[in-house]
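Engineer: Just dropping this structure here.
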Amino acid sequence: MAEQPQPISPVKNFFAGGFGGVCLVFVGHPLDTIKVRLQTQPKPQPGQPPLYSGTFDCFRKTLVGEGVRGLYKGMAAPIVGVTPMFAVCFFGFGLGKKLQQRKPDDVLTYPQLFAAGMLSGVFTTVIMAPGERIKCLLQIQAATGETKYNGPLDCAKQLYREAGIRGVYKGTVLTLMRDVPASGMYFMTYEWLKNILTPKGKSVSDLSVPRILFAGGLAGIFNWAVAIPPDVLKSRFQTAPPGKYPNGFRDVLRELIREEGVASLYKGFTAVMIRAFPANAACFLGFEVAMKFLNWIAPGL
């Protein structure tokens, strides 16, 4: 296995991870909007067609009805959250690696990298859960035509006023169920691909831009292959009226399976997979470029 960069710098990880996250959101948010609208669209009445027949129909209707801005609805919440979230995410992965090392130069196995990635998922949930709740509510609001929230801050204020901090953090358990295993797969896949794409005799840190993009994009696909079912449950639960699912995700799961079958757990699959490669390729490229820049201007930081 190829070498892993040492040591871990929390400050560099903060800035590099934040920049990578901004790149991810900017590239991937339009398809994230499509994904959430597909996942949360109401069940059609008997004899009536669904609101959206699929990914491309949803994209077309959003673009025609709301313009390009409609595809970026709710982006302010994830943009505000990405810098600390991805800082914590990449730092959590680094910390997970460090905790498993007996010596600073130990090279970790892939199961150990998976465990380190899972730790990053735990760390990011604190920031991710409320941001996801606000983002999903704003995304479906635009589709219904009703304007209850005037933006992310107004949405957060109303949620807190209505149900306190629990209202803001609704869906935290499902966010954990999605992000912990998915983050493990995400980072392990990225490290694995970086290692196999590194030419013999070369360092992982010398990977070309196309290879970084490929490794990051494919890591995103593996991540979402694990994350989609709990993500569907999370989107439904976070956007449901208060009291609709008293037993949490179990009620959401039972309702979806009963009314729409197992395939409903993969709603938005096409949009997710189309988004996953470019968005995560942009994220990891942004991270690697920012890290190299930080190492150049502040090698001792």
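Cβ atoms here come from the backbone N, Cα and C positions, even for glycine.
Note: TrEMBL annotation is automatic and uncurated.
Sharing the record's features from TrEMBL:
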- 8-99: repeat 'Solcar' (REPEAT)
- 75-95: transmembrane segment (TRANSMEM)
- 107-129: transmembrane segment (TRANSMEM)
- 108-196: repeat 'Solcar' (REPEAT)
- 207-293: repeat 'Solcar' (REPEAT)
Engineer: For the repeat 'Solcar' (8-99), what is the mean per-residue pLDDT, to the nearest integer?
Structural biologist: 82
Engineer: By Cβ distance under 8 Å, which residues at least 6 away from the ends of the transmembrane segment (107-129) in the same chain are close to it?
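Structural biologist: Tertiary neighbours of the transmembrane segment (107-129) are 1, 3-4, 81, 84-86, 88-97, 99-101, 169, 171-172, 175-176, 179-188, 191-192.
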Engineer: With DSSP helix as H/G/I and strand as E/B, how many residues of the repeat 'Solcar' (8-99) fall in helix, strand and coil?
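Structural biologist: Its residues divide into 71 helix, 0 strand, 21 coil.
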